[in-house]
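Taken from TrEMBL as is:
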- 18-95: domain 'Cytochrome b5 heme-binding' (DOMAIN)
- 124-142: transmembrane segment (TRANSMEM)
- 148-168: transmembrane segment (TRANSMEM)
- 265-283: transmembrane segment (TRANSMEM)
- 303-326: transmembrane segment (TRANSMEM)
Amino acid sequence: MGKGGEQGGDSGEPAAQIRFYTWEEIQKHNLRTDKWLVIERKVYNITKWAKRHPGGQRVISHCAGEDATDAFQAFHINPTLVQKFLKPLLIGELAPGEPSQDRDKNSQLVEDFRTLRKTAEDMNLFQASPLFFSFYLGHIIVMEVLAWLMISYFGTGWITTLILACILTTSQAQAGWLQHDFGHLSVFKKSSWNHIVHKFVIGHLKGASANWWNHRHFQHHAKPNIFHKDPDVNMLHIFVLGDTQPVEYGKKKLKYLPYNHQHEYFFLIFPPLLIPVYFQIQIISTMIKHRFWADLAWAISYYLRYFITYIPFYGILGSLCLLTFVRFLESHWFVWVTQMNHIPMEIDSEKHRDWLSSQMAATCNIEQSFFNDWFTGHLNFQIEHHLFPTMPRHNFWKVKPLVKSLCAKYGVHYEEKPLGKAFVDIVGSLKKSGDLWLDAYLHK
């Protein structure tokens, strides 16, 4: 037990005064007003600092009261730099008799996973290929130029406009996968360079906000498919997910919508409206509410470039309609690809598993092919991406056999399926959850 109070960490204290804490004590500090966490057996009080956390307040708060070593390693590409921020927050260490992992986690599995990460580092799998990402950005810019050249040359007939919309949708979807790479700090060795190019790609090429994306997406990575922690499974009562939520809703007689038909109305709500309506409102309101003025400026530069390019051909209203149609098409692409890895997997409340087990329960892979790699932005390697978020995606295939053998050793399920089956499974799992809701609603 910690000797004495919670006065935090002036690291200038003499070594003799080091405080020791048990897991039982640490786990009490997981409140909004009182947050501790453990990294490599050192105990930190992050209560006041969480608000200033560059990755967002929520993602770090989700780890309060637990061992955050693997999450810390997964998200930070320059741990020595981050240690500078940690030093003043240090309040003590785990007591010598305490295990390094909380809540009876399998310490051998955790150690083996950390060894695997070290092996991947030694194999240079965290080093990006400048050529890969240059070509990737290049093919997006080529599509944008091609789109403009096409209507300059062929005019604005229906067929040309339809082809134009498809080209712009493809460039938008691919820019979406590319901003994801920079957002995860997986391209440059320096965080600041990744952040700058991220703002350019998500802001100038897509008209969205880097901060909005970071704060949302990192939570998803830290706690995938966990209610109240992963924003991607907050369905605003429109859908019920997994096996437990539908039963809870059913027992409480909650019926915001007829959930037994959610696998049908999914097609009318989720793919068509996510980007053009929900994300659009969220992005603009977040930038204004949180005063992300740099993000707003980047987004405005996107809209200026778009309207300067297309108003001469389509007028103001026509350009707006074209943009909305492109967002509508992109939204279908985005939803099917991003949901195929997660919705059919386990979705539940916090289970406090180790990093490998929690990521594996929430993610699955799609078979590898050149088309699948390109179409999904390498999210067909979702398992490897979730285990190593800062790894450049062109290296996922190299680490995959190591991950599979580690999973086999500990009997952790490693799921991989064809693209078509992955799409069908989204609808199937929504139907299953809807049926569970109906049964509980009528009979429990």
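Cβ atoms are placed via backbone N, Cα and C, with glycine included.
Note that the structure is a prediction, hence the values are computed from the model and not measured.
Of the candidate ranges 124-142, 265-283, 303-326, 303-326 has the most C-beta pairs within less than 8 angstroms of the transmembrane segment (148-168). Within its own chain, the transmembrane segment (303-326) has Cβ neighbours under 8 Å at 148, 151-152, 156, 161, 164-165, 168-169, 172, 204, 207, 276, counting only residues six or more beyond its boundaries. The list of residues near the transmembrane segment (124-142) in space but at least 6 beyond its ends in sequence, with Cβ under 8 angstroms from a Cβ of it, reads 77, 171, 174-175, 178, 181, 186-188, 201, 205, 388, 390-392, 394-395, 398-399. In the predicted model, the domain 'Cytochrome b5 heme-binding' (18-95) has a mean pLDDT of 94.
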